[in-house]
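What TrEMBL says about this protein:
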DOMAIN    74-216  domain 'CRAL-TRIO'
REGION    229-286  region 'Disordered'
COMPBIAS  242-256  compositional bias 'Basic and acidic residues'
COMPBIAS  261-275  compositional bias 'Polar residues'
COMPBIAS  276-286  compositional bias 'Basic and acidic residues'
DOMAIN    302-420  domain 'MSP'
TRANSMEM  468-492  transmembrane segment
Amino acid sequence: YLLDKSDKYDSRDVERLQQDDKWVENYLIWRHDVVDDTLKMIDESFQWRKEYTVNDLTESVLPKWLFESGALFLHGYDKEGYKLFWFKVKLHVRDQKQQLEKKKLVAFWLEHYAKRDHGKPLTVVFDMAETGISHIDLDFVRFIVNCFTDYYPNFLTKIVIFEMPWIMNAAFKIVKGWLGPDAISMLKFTNKSDVQEYISGEYLPPHMGGTDSFKYSYPPLVDDDFQTPLCENGPITSEDEHESKEEIDTDAKETGDLNEEQNLNQKKMNSVEQISKSEENDKTEFKPKNAKKALTTFKGPLLHISPAEELYFGSKETGEKKCLIVLTNVTKNIVAFKVRTTAPEKYRVKPSNSSCEPGTSLDIIVSLHGGFAASLQDRFLIMAAEMDQSSGSGVPELAQFWKEVPRTKVMEHRLRCHVIESSKPSTLTLKENALHIPAKTNEDLHMQLTHLLQINKRLQEQIDRCLWFQQLSVVLSLLSVIIVAFCFYLAYTQRS
């Protein structure tokens, strides 16, 4: 393929294919490990990527009105922690003159997210409220379907269709014909009463029965809902003292049956216990108990970041409320960094806005406020940029530096949250923790299940072939017996 069609591919895609095993694996998974089908998909997607100049799609090359329309955008997460890709169908207007630009907008968003979150799959939401025949554009819908079935491998978790008008049923039967069996199984038809089976109310707008007050606007481009700073220089006072106060207040509310004097005594006792714990933590250099050195490391051009993908927190039962991020400066200059999050009200980071000397490592402690629990939807963004040797590394200098540094010189890396639910881990979990192996994510389990199903399918095919050969052997054996019997019969008749 490469030799015959090298002029039809973007050299950057070819280079990535040769270096990115995860990308190749996604193509294989999406085509059920059938190599010929995988090669065909890579060939088609690479030609499409070059035709649409996917690697060069930026905000500047697309018309501003496309972004301003608000018909397509990324926002929020489903209940499994997958990003939501919204299609506001009522805002789409059929126009053949604008069709190519609209298709490039879809490609822009998909590529924007794929590069930013390392190809983590998406959940697509078709919001069809207040739509009718005038909004049906089968050519555009087919392009969107092709993006997920032919061009972006293993990039789709489910398609949530909200309030599809009955008048569109005939058109959708045509769309189903374009979808393969795998994609059809991902379709989820919903309305206001059942959409929260897949998406929680906090990420649903009011007309879908949710409480999300988010209103899309442009500019700026929606940046995954990250907010900064969490706490510009880390907590000013002891985190444990803050937690003890919050826990005391919670206890006071829950023990309303006790009199006021008993509550005050309980507060004092809790405060003493928490302060003693705080002193013990300080003596052990404030290392959280679940702050394990992860086996995986993201190797960026400025910083190596460990863990590479996920921060592991416990549920309220397990009590694991702190995680460790290790940054290693791999440049010859000072690297400034800061941490952003989608849930600043939940987390404290120490330090959250600082710098790292050349060749050194720095530990960042991420802790939950008392009373809060981590969620699969929570994300962290680490931003880093090189500083001149002459630049200072104090708070004023860092603040000025982040105002002036060009966006193109900023390295970004995202981390997801993983919640360990079990309060009584099994022997296997204990062994994994002892070996510092993180628990498996939903995505890992999904991939393993997919792999097992593929193996099962291959075994079933082998069994079917064996049965076919067995039946053929039986038929041939019967024919042989009949022929031999017939020969004996002829011989006998000739003698007689």
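Please read every residue number as a count from 1 along the shown chain.
Cβ coordinates are placed from backbone N, Cα and C, and glycine is handled just like the others.
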DSSP-assigned states of the domain 'CRAL-TRIO' (74-216) in counts, ordered helix, strand, coil:
67 helix, 27 strand, 49 coil
Under DSSP, the domain 'MSP' (302-420) has how many residues in helix, strand and coil?
13 helix, 58 strand, 48 coil
Can you check how the pLDDT averages out over the domain 'MSP' (302-420)?
84
